[in-house]
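Contents: one structure, followed by commentary.
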Amino acid sequence: MAARVGLSHALLASSSLARNPPPRARLLPYPTLLPLPTYRRSVSASASALPSLRRRRPFAARAMSQPPEAAGSPYAAELAAAKKAVALAARLCQTVQQELVQSDVQSKADKTPVTVADYGSQILVSLVLNMEVTSGSFSMVAEEDSEDLRKEGAEEILEHITDLVNETLAEDGSFNISLSQEGILSAIDSGKSEGGPSGRHWVLDPIDGTKGFVRGGQYAIALALLDEGKVVLGVLGCPNLPLTSICNLNGNSSGDQTGVLFSATIGCGAEVQSLDGSPPQKISVCSIDNPVNASFFESYEGAHNMRDVTGSIAEKLGVQAPPVRIDSQAKYGALARGDGAIYLRFPHKGYKEKIWDHAAGSIVVTEAGGIVTDASGKDLDFSKGRCLDDLDTGIVATNKQLMPSLLKAVQEAIKEKNQAPSPL
Ligand SMILES: Nc1ncnc2c1ncn2[C@@H]1O[C@H](COP(=O)(O)O)[C@@H](OP(=O)(O)O)[C@H]1O
Ligand SMILES: [Mg+2]
């Protein structure tokens, strides 16, 4: 049986990792298992009940190590690492979602597989970034922490997560490394940073659109980098988004190939490629300047968005098309490649937006030539910690031509809502 060890210099010198070092390998801050153990299959009840899982082509984290288009940018190494991390996490999420959908777990309201995928995605992203990005100290603001997994009774789920992560790493083959359970917990907790206005911080939503994930719908792995309080890089992995436009499909697949990776670096534009590693192509927002021809995206979940407000804005603009409702930051990605013209997000009163729900998506849109602001037209401020603190009411995104009339319609709709008599 493999011994549980920390990854020290001495171990690196004698391990298979030292003989086959990944590019720019750095010491991990959490314990690993070396050498690689023999992998057991995932032990979830859902998996064992499913002898013949439909396996799609796995997403290729390896292919994401190709030199990025933004090779001249100061964030080129970070972009390559971020793409690789998101592609690997997407692979794990896809495996879990296939089991989840086929085993009908969602109808039993069993949240376990979701949790497994959330944690697994966060662990893999942390691991890849730690292995691939050597400069500076590591700070990550991410959605999950290990508190629940450290409680009594969580042993089985922790074992399941450990198996799933190690299995995904072994299948990919880029890293000759395996994590112990303590390493798994530490990797999750590497996302506890508070972020802020100085230094560099990774920002991660390991599964954005959890409800879509459970439904078998859209979700995203969203990773961004903050530098001195500004988003400088973003990567969005959308495993269920069609490679071709979702115009008029209301978020559903047209039957085409799915699995899209959006990426953007500040000053270098935005790109799209398939999650299985096709060459990146530049994208831009649509050039529609008459709102009558525009369509708009909003959350699939009614509880996340005041549809009376978004409906009123659309009406004031003269938008004819029905709303396109999809989960997660896949909306930002779809907007960035011109599938639709406007994204409207107006959470119910009291909800505080988290930075990981918008950091990656917003830079993909702005680098594709679009604008993302709050309801008053102010830029989003990612420098205030884990939440978007000073946000005025809602978030809107569109192209430069439509933004002035959109903001005017937003102000009118909000004013009307505030003046309307209370239903109580
Ligand atoms: N009441 C609410 N209002 C607005 N957003 C909410 C919300 N409750 C949860 N969310 C956020 O909305 C995200 C999903 O976005 P969308 O509505 O665009 O699909 C969730 O991300 P997670 O799924 O990562 O928790 C969560 O952060
Ligand atoms: Mg989210």
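Backbone N, Cα and C define each Cβ position, glycine as well.
If you look up TrEMBL, you'll see Glu143, Asp205, Ile207, Asp208, Asp357 marked as Mg(2+) binding site. Within 10 Å of the C-beta of Asp208 (Mg(2+) binding site) there are 29 other C-beta atoms, taking all protein chains into account.
Fewest other C-beta atoms within 10 angstroms, among the binding-site residues Glu143, Asp205, Asp357, are seen around Glu143. Excluding Glu143, Asp205, Ile207, Asp208, Asp357 themselves, the residues of that chain whose CB lies within 8 A of the CB mean position for the Mg(2+) site are, in sequence, Leu204, Pro206, Gly209, Thr210, Ala220, Ala222, Ser328, Gln329, Lys354, Trp356. Taking a C-beta cut-off of under 8 Å and a sequence gap of six or more, Ile207 (Mg(2+) binding site) has these contacts in its own chain: Cys93, Val114, Ala117, Asp118, Ser121, Phe213, Tyr219, Ala220, Ile221.
According to DSSP, Asp208 (Mg(2+) binding site) is assigned to a strand segment. Checked against ligand 2, the binding-site residues Asp205, Ile207, Asp208, Asp357 give Asp205, Asp208, Asp357 as the ones with a Cβ under 6 Å from it, listed in sequence order.
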